[in-house]
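Written below as structure tokens is the structure these notes are about.
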Amino acid sequence: MEGVGAVRFWLVVCGCLAFPPRAESVCPERCDCQHPQHLLCTNRGLRAVPKTSSLPSPQDVLTYSLGGNFITNITAFDFHRLGQLRRLDLQYNQIRSLHPKTFEKLSRLEELYLGNNLLQALAPGTLAPLRKLRILYANGNEIGRLSRGSFEGLESLVKLRLDGNVLGALPDAVFAPLGNLLYLHLEANRIRFLGKNAFTQLGKLRFLNLSANELQPSLRHAATFVPLRSLSTLILSANSLQHLGPRVFQHLPRLGLLSLSGNQLTHLAPEAFWGLEALRELRLEGNRLNQLPLTLLEPLHSLEALDLSGNELSALHPATFGHQGRLRELSLRDNALSALSGDIFAASPALYRLDLDGNGWTCDCRLRGLKRWMGNWHSQGRLLTVFVQCRHPPALRGKYLDYLDDQLLQNGSCVDPSPSPTAGSRQWPISTAPGEGMTPPAGLAQELPLQPQPQPQQRGRLLPGVAWAGAAKELVGNRSALRLNRRGPGLQHQSPSAAAASGSAPQSLDLHEKPERGRPTRANLPQTEPTPTSEPASGTPSARDSWQRAAKQRLASEQQGRAVQYDSGVGLPPLVSDPCDFNKFILCNLTVEAVSANSASVRWAVREHRSPRPQGGARFRLLFDRFGQQPKFQRFVYLPERSDSATLHELRGDTPYLVCVEGVLGGRVCPVAPRDHCAGLVTLPEAGGRGGVDYQLLTLVLLAINALLVLLALAAWGSRWLRRKLRARRKGGAPVHVRHMYSTRRPLRSMGTGVSADFSGFQSHRPRTTVCALSEADLIEFPCDRFMDSSGGGTGGSLRREDHLLQRFAD
């Protein structure tokens, strides 16, 4: 045995010598070398670059991370053995200097990160060996000067970060070696002056960030940006710019984003943005602009986003955005605007995001055009919610323009500056012959002012081909709406022969309709405002005076009766012009009347009300869709005026539907969903056709099948458990008579009786058989067959036991 053990020992020794263990790589202290190509030493508290001499193959390392340590100096031999290195990270250290030969062996390096250190300069020639370098981060240092030799040899550089330094100027041709540079970050420095040749040889540059510097107040020299023909993003925000000269960006034909935010601009030359035909986004927020030249934005045909927030704009010309057909986003928030023309955004059909919040809006008749435009754009789903919160007058302070009625915007002292064409308001020249003395009556001097001498209150507009016949009967309260019959061209106060005889040149007369919506009171009813009739004037002052007196008397008597009626509020239904108020107070009782397999009829009620004349009567929009469908209400239909019922066709049988109705006033709908006017219905099953799937029956069948499967599984598990229980009892349990024999619950007497009865034939002089071998300590000899399994059962087993007993106890 000892010889065999010795042989085994020598065999093991020989095997170990023949197959030595594989040598493991030795990683530098405090570093991680789990991946053979990545050497990770980030945030390890290192104060010097670890030695890589212990690495078995340093040439395999491609990434070396040393960021977040306390390294202060880089020697010439720290990376001497890492010739295949592609990425070197030295950020967030305390490096103050770089040895001129630090990167001499790193000719394959592509990414170098030196950001957030204490470097004060990039010595000429230090980076020259890095011919394949594409990304260089030198941000967050203390670099105060640059020279052309700082970037010598970096022909492949694509991205350069120099932000967060203390650069005061850019020397001429400092970036000339970087012919392939695409991204240049110079923000957060102290640059005050841009040299004429600062960006020479940067013809491929796409991104230039000069924000947060100290540029001179005036940017006037266009030659600075001449080399940047491919520039698409220019950021000049957070400087001290105050003026922009004309055509300063004319050499940037591909510029798509220009940011001038956060400066102190107070003046922009009308041609400041000339040549920027490709500009898509212009940011001018946070300046001190109080006006915009009319032709400032004219060259920007491709403009899509314009931010003018945070300035001091108090007014905008209606044609300011007349050339921005692609404008999609416009911000005018936090300015000093009090009114805007309704036509100012008419040339921008793509506008969908408009921010007008934070201005001092004066909600009067000057905002009616803007309100109509907003309503039309909202109803067409082409504009997001615009918040125009009133600041003046005090009675409307804090309210939003789109929820105000036109009656609240009426001001007796304001003139509608430029009616919006979207509302159908056009100015029509009306010819008259002043030679015949046919001027408007004295009582209507305020209602019908001549165009050369506009009066403060212009209160009516006449359509072409309108005669004055019957106008006095249609003048209603202070609304001053002249319902005139269209009979001929112009105001026919005289016969054609008289007009021909006069021979005087006609004058143009502009009338502006200023309807006041709401219930008039006695205070605002005009008391002395005559109405012209169809009777021809005689042309003499006496005839004209008598005509005026008669008209005044008739009008005064009619208005006195109307004033009593208006004050008592009898017989005048409410005037509703807002679709939300119409849905809330006028529309009611939406019910489903008849339902079939493919159609359904709904009916609703409309309370008595009045609608503004320019808007016409109320129309209705019926929305319906299957219940639970997402998105909701993909189908809807517009109904004509005075409709109170509708029938939906082409519905699906045995399907639940949700039907809603809402009012449409002046082409506008309420932006709030009509939840109060909705009803549900379930169409009937299709008769005579192949019925669809009965989902209720299908559900019950599936539930029954699932319950049956559960019961079968429980039954199988129960039977298996019971079978295991019985099998365990058979294997581990003793015969029943043995358990009863040794039971402690049986009395001692009965147990002794049983023993004496069973072994009554015992004879001590007989020899023990080999069948039951007992030890010398046994006091009683038990028959072994009593411990045998009695499960053999049957008559044969009992007979064999009895025969054995007879043979043993024969004597």
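In case you wondered, yes, glycine gets a Cβ from its N, Cα and C as well.
The annotation compositional bias 'Polar residues' is assigned in Swiss-Prot to 421-430 (among others).
For 524-545 (among others), the entry in Swiss-Prot reads compositional bias 'Polar residues'.
Of all Cβ atoms in the shown protein chains, 16 besides its own fall within 10 Å of the Cβ of ASN73 (N-linked glycosylation site). Mapped onto three states, the DSSP output places ASN73 (N-linked glycosylation site) in strand. Among the features that Swiss-Prot reports, N-linked glycosylation site is placed at ASN73 (among others).
If you look up Swiss-Prot, you'll see ASN411 (among others) marked as N-linked glycosylation site.
Per Swiss-Prot, the feature N-linked glycosylation site maps to ASN589 (among others); the stated evidence is sequence analysis. ASN589 (N-linked glycosylation site) counts 11 other C-beta atoms within 10 Å of its own C-beta, drawing on all protein chains shown.
Summarising the annotation, Swiss-Prot assigns repeat 'LRR 1' to 61-81.
Here the repeat 'LRR 2' (84-105) has long-range neighbours at 42, 59-76, 78, 111-120, 122-123, 125-127, 129-130, 137, meaning same-chain residues at least 6 beyond its ends whose C-beta is under 8 angstroms from one of its own. The repeat 'LRR 2' annotation in Swiss-Prot covers 84-105.
Among the features that Swiss-Prot reports, repeat 'LRR 11' is placed at 302-323. Same-chain residues lying 6+ beyond the ends of the repeat 'LRR 11' (302-323) with a Cβ under 8 Å from its Cβ atoms: 261, 277-292, 294, 296, 329-341, 343-345, 347-348, 350, 355, 358, 418.
The topological domain 'Extracellular' feature in Swiss-Prot is assigned to 26-696.
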Handout entry: Tertiary contacts of the repeat 'LRR 1' (61-81) (same chain, 6+ residues out, Cβ under 8 Å)
Key = 36-49, 52-53, 55, 87-106, 113
Practice task
For ASN73 (N-linked glycosylation site) and ASN589 (N-linked glycosylation site), determine the Cα separation and express it in whole Å.
Solution key: 84
Completion exercise
Residues in the repeat 'LRR 2' (84-105) per DSSP class, helix first, strand next, coil last, are 0 helix, 5 strand, 17 coil
